[in-house]
Amino acid sequence: MEHSPEEGASPEPSGQPPATDSTRDGGSGVPPAGPGAASEALAVLTSFGRRLLVLVPVYLAGAAGLSVGFVLFGLALYLGWRRVRDGKERSLRAARQLLDDEERITAETLYMSHRELPAWVSFPDVEKAEWLNKIVAQVWPFLGQYMEKLLAETVAPAVRGANPHLQTFTFTRVELGEKPLRIIGVKVHPSQRKDQILLDLNVSYVGDVQIDVEVKKYFCKAGVKGMQLHGVLRVILEPLTGDLPIVGAVSMFFIKRPTLDINWTGMTNLLDIPGLSSLSDTMIMDSIAAFLVLPNRLLVPLVPDLQDVAQLRSPLPRGIIRIHLLAARGLSSKDKYVKGLIEGKSDPYALVRVGTQTFCSRVIDEELNPHWGETYEVIVHEVPGQEIEVEVFDKDPDKDDFLGRMKLDVGKVLQAGVLDNWYPLQGGQGQVHLRLEWLSLLPDAEKLDQVLQWNRGITSRPEPPSAAILVVYLDRAQDLPLKKGNKEPNPMVQLSVQDVTRESKATYSTNSPVWEEAFRFFLQDPRSQELDVQVKDDSRALTLGALTLPLARLLTASELTLDQWFQLSSSGPNSRLYMKLVMRILYLDYSEIRFPTVPGAQDWDRESLETGSSVDAPPRPYHTTPNSHFGTENVLRIHVLEAQDLIAKDRFLGGLVKGKSDPYVKLKVAGKSFRTHVVREDLNPRWNEVFEVIVTSIPGQELEIEVFDKDLDKDDFLGRYKVSLTTVLNSGFLDEWLTLEDVPSGRLHLRLERLTPRPTAAELEEVLQVNSLIQTQKSSELAAALLSVFLERAEDLPLRKGTKPPSPYATITVGETSHKTKTVSQSSAPVWEESASFLIRKPHAESLELQVRGEGTGTLGSVSLPLSELLQEDQLCLDHWFALSGQGQVLMRAQLGILVSQHSGVEAHSHSYSHSHSSSSLNDEPEALGGPTHPASPVLEVRHRLTHGDSPSEAPVGPLGQVKLTVWYHSDEQKLISIIHSCRALRQNGRDLPDPYVSVLLLPDKNRSTKRKTPQKKRTLNPEFNERFEWDLPLDGTLRRKLDVSVKSNSSFMSRERELLGKVQLDLAEIDLSQGAAQWYDLMDDRDKGGS
């Protein structure tokens, strides 16, 4: 404890006169100013100087003309810093007092507020280890001497060499203090292995450490004065051998992130500002976690030539837990309205944590009984020790409200195999429903087919279920190529499986690096996936070698393991990489758990499955039984092109002056209505709009067409026409000028086309490309597929209040289109037998969402089916039971059909589909419906625009990459059209990937009227744009121009400068604008801008 000078002064010896009496000035009678008076005056001046210094910012703000807001902001910043600082000092003092005298402090603070005690204070059921603390206390001063040498002789030179601005960096003070690290208790776990000892050490460090640094060149001082660190450190002694020192190695790591609190000094005092304080502590903890928190660990070998060091440093996981976050119920309401007078609900979401693995669910708005239906897979490294933690929050604009948490030791999941329970939330109210499955790691591929078949029936969100795990032990490389100028590279490795990429650390100035790192990947289907390895310089611009390894190769290897050298391609002749690849199949052992009767239905607990069962109940069907009309729908594509000789309805000056009309078209077909835009003052309008509608082959249907003149009061009638759908569906195509009825004059140009869905995905990419070509600006995006859904029934739906069956109905939604089924009264096994069809524009990106709800009871369960899964199935169809989130299953059939137009070019290049699948041929000439057949317009000439030269492997890519363009001239609309499809193999300058976009100019004009630009794509060398641009130009004017296409990237976040990645310039006079074929063009630099 520090003392004032008065408290520490020694008393005067008795018998001596006071010093003040012998030093008085006899002439004046006033005592001279002694040391005490001088120090008191200095203290007064110091206090006055501090107050004056506080007023300096206020004066400067006023002199600069700044508002009082800046002064208030600075004051708030200071008060926040002071509050954080005082809190840290108070916590440090309380912790030190507790360590100094545990019994007395515990008794005195029995009723102390929890805010006054450190968060780590607890009394774990572990053994005391005071003897160990005495050893640490004895060693502590010598450890301080070692740290001082380490920082001064190793760390300081490294810092000075890292940056020229830190040439004067030095440690001015290094003291670990007098408070050593304490071990509160030790717990020894029984290990399943005989050659291993597991220890858990509850460590607590409340130290008076002081480390000061200085950069003399900039008069900058900073440091640390006091620190707290508390956590559970696991120590593993393995392998135990029969030779001294008995223990082969010691592994140490924190099972969970320890708590950290640092008291800063000097310039680092700024880190105590609110916001910066949490950010700095988080960054420091991230650094600690990078090498000392699971799955990372510190390995200290105790014997030379220890075998399987990589396996000890990064052992295989104990298992995988598949966490199904299903639902919650009875949550507390946190949203209040009208200043708390009206109680609302909550917008709950959940955070799931296992060690450093964290997952966040989606937010369910306005719901106290949310259903998430999400699945996560976590790696379990240590049992016992790791915990599953679920925290539920209410999403708010400012700060999210805490609704409760639950914790569960992963050892209980290991023992049970499967746990499906409602768990109460601590610190709040309500329960959360979790289904936890322990997946064992099998060292052979015998059960892989069974696992894959099971996973196909699991509806998992947000990621599909995994069938295997791959662990890559990256050891070292040899004889990598040198950089330019024979400089040693700084190699690092990028490992990728599908869309997941991991990066190793960089090793500097060597062409034979040693990494000794481990990486883990989840695999959905190891038979078809690959491991892509890229060895690069740390700038990421220079590739030192590459390797692509099909993972199917491991399936035939012994114990699914490859431990060998791999030769690198695109590298030196002797360049190679040493790795150990270990694959394990994820298997859920159902030997004691009942299988679901149909793949796709999750296994619910036996009691709930047997409730209400009957011996005489009929067997549950495996597949749906739709009626004969299901899946026979077609799509009618309606092109409303133009009209001629419409009658004039507008009159001016009381009818004396004859004007024109403002025409638009209304369409009615199959219960749907459509309307074109209005063309102002034109008797020969051009609309060029496309509409699509799902139609059936029921006879007697008609397409009703009416033309009106738009007016302020009542729209005037300009004519009508009716087309029989039977005729269009039989012929497949109609392109006619239709004479309008009930009016003196006028005719309408209409093009109708029947699109029959095809159950093959081979033509999907071509369909998407053709749709982008014939797309018009005033029409919505064209459909590429038709989705047909048949919902037959549901089973095992949850009961209301635990006893009463619900009255369920289902809602099927795709995009913005929904279909609601009938409501079945009071049944937990409803039968709907309803179908619905949806137009699909982007099959790769859209999904089918099904919700089962009860009248007055809310959501009973839901299913999300990405349509990309249908594209991978035979006949593009799934027909089985789907598990609902929460409880229950539905029997549903979902089938996709690709909409191939024979009159837009796909058919000319399609060889993978037999015409026998179509109900009728579309190759016949269309029959006239009221007039001679009109010649096909240039829109139909798209049929020969798709070429097979589109393949990326057709020609080598240039050094700057390529851009894929379609350029053609629409003679009907007199427009130049360009589609920017994508880029590939763009160059990378610097460490970060570019953020590319494409800028298009129509030279010689460089103004804004001809400039077009795509959206920016983030961090990619192979961006996909699919953007369409148009210019209104006559054909002769188009042929005199050049199309300048530039691929650019933002240079930095703060800069407006744009980096040119490459460009190409196309002379439109030299291009066949009637073909419009998509083509790859090599990008050039600014000096050479020619086309490919």
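Numbering starts at 1 and runs along the chain as it is shown here.
Any Cβ shown, glycine's included, is placed from N, Cα and C.
Taken from Swiss-Prot as is:
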- K334, D335, D394, D396, D401: Ca(2+) 1 binding site (BINDING)
- 302-423: domain 'C2 1' (DOMAIN)
- 616-738: domain 'C2 3' (DOMAIN)
- M1: N-acetylmethionine (MOD_RES)
- S314: phosphoserine (MOD_RES)
- K804: N6-acetyllysine (MOD_RES)
- S807: phosphoserine (MOD_RES)
- S937: phosphoserine (MOD_RES)
- S951: phosphoserine (MOD_RES)
- Y997: phosphotyrosine (MOD_RES)
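Overlay of Swiss-Prot annotations on the structure.
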residue : record                : CB count, 10 Å
S314    : phosphoserine         : 22
K334    : Ca(2+) 1 binding site : 21
D335    : Ca(2+) 1 binding site : 15
D394    : Ca(2+) 1 binding site : 22
D396    : Ca(2+) 1 binding site : 12
D401    : Ca(2+) 1 binding site : 18
K804    : N6-acetyllysine       : 11
S807    : phosphoserine         : 17
Y997    : phosphotyrosine       : 22
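K334 (Ca(2+) 1 binding site) falls outside any helix or strand according to DSSP and counts as coil. Each residue in the domain 'C2 1' (302-423) gets a DSSP state, and the totals come to 12 helix, 59 strand, 51 coil. A distance of 44 Å separates the Cα atom of S314 (phosphoserine) from that of K334 (Ca(2+) 1 binding site). For the recorded Ca(2+) 1 site, residues K334, D335, D394, D396, D401 set the reference point as the centre of their Cβ atoms, and the other residues of that chain within 8 Å of it by Cβ are S346, D347, F393, K395, D400, L403. Across the structure, K804 (N6-acetyllysine) and D396 (Ca(2+) 1 binding site) place their CA atoms 35 angstrom apart. For the pair formed by K334 (Ca(2+) 1 binding site) and S807 (phosphoserine), distance between Cα atoms is given as 30 Å, rounded to the nearest Å. Each residue in the domain 'C2 3' (616-738) gets a DSSP state, and the totals come to 7 helix, 59 strand, 57 coil. Here S807 (phosphoserine) is positioned 34 angstrom away from D401 (Ca(2+) 1 binding site), judged by their C-alpha atoms. Per-residue pLDDT, averaged across the domain 'C2 3' (616-738), gives 85.
Between D394 (Ca(2+) 1 binding site) and S807 (phosphoserine), the C-alpha separation comes to 29 Å.
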